[in-house]
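Novice: Here it is, the structure, as structure tokens.
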Amino acid sequence: QWLSDRKKRALQRKDVDIRRRIELIQDFEMPTVSTKIKVSRDGQYIMAVGTYKPRVRCFDTYQLSQKFERCLDSEVVTFEILSDDYSKIVFLQYGRFVEFHSQHGHYYRTRIPKFGRDFSYHYPSCDLYFVGASSEVYRLNLEQGRFLNSLQTDASESNVCDINPVHFLFAMGTAEGKVECWDPRTRNRVGLLDCALSSVTADTEIEGLPSISALKFDGALSMAVGTSTGQVLLYDLRSSNPLIVKDHHYGLPIKSIQFQHQLDLIISADSRIIKMWNKDTGKIFTSMEPEHDINDVCLYPNSGMLMTANEAPKMNIYYIPVLGPAPKWCSFLDNLTEELEENPESTVYDDYKFVTRKDLENLGLAHLIGSSLLRAYMHGFFMDIRLYHKAKMMANPFAYEEYRREKIRQKIEETRAQRVQLKKLPKVNKELALKLIEEEGEEQQVARKRKQKNLPSLLKDDRFKVMFENPDFQVDEQSEEFRLLNPLVSKISEKRKRKLKILEELEAQGQEEEEEPEGKASDAESSESSDDEKGWVEEVRKQRKLLRQEEKLKRQERFKEDQQTLLKPQFFEIKEGEEFRSFKDSAKKQKLMKKTLEDRLKLEETLGTLNVSDTTVGSKQATFKLKKSEQQRKQQEAEKQHRQERKALRRSAGHLKSKRGRGRLFH
């Protein structure tokens, strides 16, 4: 996408994969997202709706280009082409609007009482059946131009609907996971299928009640139902049990179901994957996972072409020759696919180099992140191959010498492989590796006698390779668990250590022939290794006794260290404005905070700080007193004392005035 046009043309001349890409229809895309795509009955026009802004585009397959584009007032839920060409179209929109378009453009617009989710057209009576967020199915007659009596169903909401093309049976999928079948002639319900219960099998994991998200008839008797939990059920209308239950294993709602009659396939799609499987056996034929989420799938009639509406501007077109021939307006695809099969070619895209962030740090180019020289892609970046070679030459000027040295070393190793090799033990867990080698030799002897196949070795298995390379996986033989679980490991390990020492000496001396280490014979070793149960119990007791003694010594050492350390008093600082009472207050506060709200309310009610009473209307009334902080309490006490002092002063002043008055009168 970020290549220039000039670079694209140059790449197209060189790259075979790009030359194989064919733009069948010019500008076959939407501005942002495409939601639905359909083909007219005559096969000449492909119509798609999308956003943004809401619009419909019509593509003429005979001209391989766009015929017209019309913008709409609101987004389209779904649409239907009523005529053989594009002259009569019905759009169901999100604002409860139903919009009719003719050949020249917008024709008429009306509304339905509830939000619609899907609709179907009944050709014999010219009725439109709308289902949505209601228990009713609304009927709009296009011949009379008025709404007819609705069909009252038992469902709370309906998601999808379809009409059988043979006997015109109307079926609708509900939010409760059921399919109701109605006869349009009598307007009565003639059948009910509980698909939610049938979709749950032994190996199915669902989190909620499955609702019906897709519905499609095939012929007079077959019907496929898709659920919101990712299952597809194939029914025969004469039976209430599904013939096949196919799970997509993604847990996503089924968006579209199509029937392919040439190979008896069912094409089901959710937002992530398109699966093609045999409708008789359920065996997977193939599957496709596009780069972007899928909104709708359309199968071009009587061909192997598949079109998808995606959460991306580009609408994808797939051609699968096995499914059928190419359409007549692009019959050259058959010749192209035959040529591609005859001349398979593969080229390498070598203009750019993919590097990770660690590679950039090693090359000293981490400062280029965010610049135009690096293009972010997945977990790394694309950079020009010439810049990469220059940076690598500057970062490691002796790369050629290292490469030459490595090639020489590989040649020497190839010649050494013809010689007799010693047992090369890994650096980590050598004793465990030696044990595995011995056990492998014994098993090979037993397998030879019984004429059985040899089991794979753990040393050669890549899954356990790290155990013999990483020092973190080193077995600690001094740990308590190892000594208790392996009471006989000491005797066996001593013999292995002796053998390991001899092998290391042989390897150091550079001997080419492997010799059995001197000592006892293998028969004697095997006889010694098989101890009886009494010896095993004694060994366990001995190990336990040693562990107790070691623990006792550790406790004594810790006790001596505790005696030698001097305990110093610890001081705590009290915040300004707070009064220290005791350590119990903080403990009480912590204990109170751990209690539930109900317990705290009961405690405050007993202390008198909270009063809960019932009112006349049945609700609760709570009256509480706020607790005063220490600073507020001190301030109130000071104010109280100040008021008492002022009161005493006023009394003393009044007493003096009364004395003076009496003195003057007496005088």
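Backbone N, Cα and C define each Cβ position, glycine as well.
Pulled these from TrEMBL:
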{"type": "COMPBIAS", "residues": "507-517", "note": "compositional bias 'Acidic residues'"}
{"type": "COMPBIAS", "residues": "627-642", "note": "compositional bias 'Basic and acidic residues'"}
{"type": "COMPBIAS", "residues": "643-667", "note": "compositional bias 'Basic residues'"}
{"type": "DOMAIN", "residues": "1-343", "note": "domain 'Nucleolar protein 10-like N-terminal'"}
{"type": "DOMAIN", "residues": "348-396", "note": "domain 'Nucleolar protein 10-like second'"}
{"type": "DOMAIN", "residues": "461-487", "note": "domain 'NUC153'"}
{"type": "REGION", "residues": "507-536", "note": "region 'Disordered'"}
{"type": "REGION", "residues": "615-667", "note": "region 'Disordered'"}
Novice: Which numbers of helix, strand and coil residues does DSSP report for the domain 'NUC153' (461-487)?
Specialist: 16 helix, 0 strand, 11 coil
Novice: Using DSSP, how many residues of the domain 'Nucleolar protein 10-like second' (348-396) fall into helix, strand and coil, respectively?
Specialist: 21 helix, 14 strand, 14 coil
Novice: When the pLDDT values for the domain 'NUC153' (461-487) are averaged, what is the result?
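Specialist: Averaged over the domain 'NUC153' (461-487), the predicted model reaches a pLDDT of 75.
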